[in-house]
């Protein structure tokens, strides 16, 4: 219905991939270029993620480096690594020349150390090279690791007319102008301007008059997650980065922050699911096993711990077997409550929406556990007594144990993340298998202790 | 060390809250205004989230509506609801006048229906009112629900000079100029320009010559999550929204998308943790119970199901008790594997990085399960035999059951999310308690079936 000169409706179909593969096989460079030129670089990257390495290399060598540098940035990390291995240092340097400094530094940082120096030495643009080397020195999880050197800055002494003239020059190298930063002769950040301010000002006005001194900034060593929080909270699309003397070093844009937010959310989700490193469904079985086996082993030792607790109580009469058959109920309930409690706390800590008073919070969790526990216990008592025909003392034991276990699981699930957070450990590790395993063990212990005191075996 | 005229280092301290509360008590309006004027509206919102409603109302009535409208947007949703209840329709309308159309529509949508009409009727700016009413008609989870009417557009027939003149007028109402949209006389979207393009062009050039026709857009009824994916994939900071005739209706900016991404990630995380609606640690016990009890009940019925399976096997000799004591081990392992598998699939589906072939994926999971299973089983056989002195037939039973249960849990954890996704159901519901509960039941069934065939009870 509409002419589709934009490719927002891009669909990665098998037919398209086959078409690309066929054109590569036929070495029909003209048709291949014509086809791929229509696509956004992010779409080309999706296609290259699907074909084999040889085919991907063919396309990368075919297209101009302006396009392929962007495609490289969008490739799946594993595939990018393979492609880079197949490019010479000279070829990588050519791609690097086309990229903004932050992306360039990210690509170089992914290379083995020996190759890094080799690639850097091949970069022809000396200024670009120096800037990339500066960025490589910063930790990737800091503001310095996120920032780009590309920005538009003006000196306070300039006039609007002079400023517009010079910005035309600087802006060529900057893909998106967010803010214009105002600095003094020592490059110290003084304020900001928007293009809009410049457009609506008189041409003879001095920049110092227009400059908005209320400029947000972050220090270069600030933690990346903290930068993400600040930019979200204050709805910033770009933020300047300064050193301790307030010298303007670079700027961070919101698209980099979107990646930080996504990665952070993915990491927390995986930790909650007991996956100990960043993996994807398409990773190798070895990589997936490495990420999954550690928590399975910990869970297994929890299960063995529970077994030794049960053997320790060492009953053999009929009642004991009935009690044993309800172990899964106790265990499932303790696990679910623990994960729920810890997830809420972990999320609250991540959003800074949890205030300090740990006693108050534990008290609230205890009440909450009591409410949930009584509800669950009532249902359980009815079902066990009327459906399972369980002896009434055992039904009561189960009901009391459920309430106790739920309260215990809620307290553990709340306490551990807060405790870890105070110790400076990421509380997200405390959700999932960690909480489940400790609750399994403590829950079963509590269950048999309560049973022993009621039934007296 | 640096002068702190920016408030990026804002710290919400008890001392600050006490100071604000004291000034309110003393009705020292001048000092209170002087103090709060220093803060960003997002910081003022944080302060108001901590004081009581009466105090918050005092501050809101004290500050001018330009500030308070922004503060309102940043308040915690529950607190905003309370504040809005305490404002007259006229007062709310005044706040609304200060907000961009998208925020204004969001606030109005939160009001009870009867009040909505009342507030709208009090909005004085007729154009603003009509635009808000238009936005209110769209579903909040669509592009229409995200977009704002504020944008800068130019007609293809204008010249650069004329364009700059008129943009100065339009830009006053737009807080950030991302792109300038080029339309024809029928308001149909033709292309885009950046301010940078305008600045670097000659003043007599026609807009049609400069316009970049390769403009991305989304349809007004597009799903909000889809818009978020598109903007992330193509690194867009703003995207125009059109109807089926390609008439330009509004634009969506990246800061709104950041919220969509965050909310989506939070929702998935909570679902994986068995929390059935969006809650925070500070919510009421009733609200928290409503969110948590449903999954606890489902988990409980799973536990009861497991109990009835165990009773069904009905053994009473010593071997059966030994088998029972390893139920927690089987159950924990099945649960952990299931959650891991489903989390990887759910994340892959969310990132569009999983391709269709379900048989291939299940086969891979089975191999993965076998690898993990053998590793776990070997450790278990050694520990049970040497530490627990378990009879060797039972150790072998446990080892075989572990391998079988791990493969089963991996298959269930992989199959269910893909199946739900194909059915158009959010696969995120399938992680957490859902998978754990079904794996508990099937895992224990499988365990006793294997035990029965080996031990023959």
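Quick reminder: no glycine exception, Cβ is built from N, Cα and C everywhere.
In TrEMBL, the feature transmembrane segment is placed on A:367-388, out of the ranges A:257-278, A:367-388.
A contact between the transmembrane segment (A:428-450) and the transmembrane segment (A:367-388) is absent, since fewer than 3 of their C-beta pairs, 6 or more residues apart, lie under 8 Å. Averaged across the domain 'CBS' (A:210-267), the predicted model reaches a pLDDT of 91. Each of A:320-346, A:367-388, A:394-416 was scored by its Cβ pairs under 8 Å to the transmembrane segment (A:293-314), and the highest score goes to A:320-346. Sequence-remote contacts of a segment are chain residues at least 6 beyond its ends whose Cβ falls under 8 Å from one of its Cβ atoms, and for the transmembrane segment (A:394-416) they are 319, 322-323, 326, 329-330, 333-335, 337-342, 345, 358, 361-362, 365-366, 368-370, 372-374, 376-378, 380-381, 384-385, 427, 430, 434-435, 438-439, 442-443, 446-447, 450-451, 454-455.
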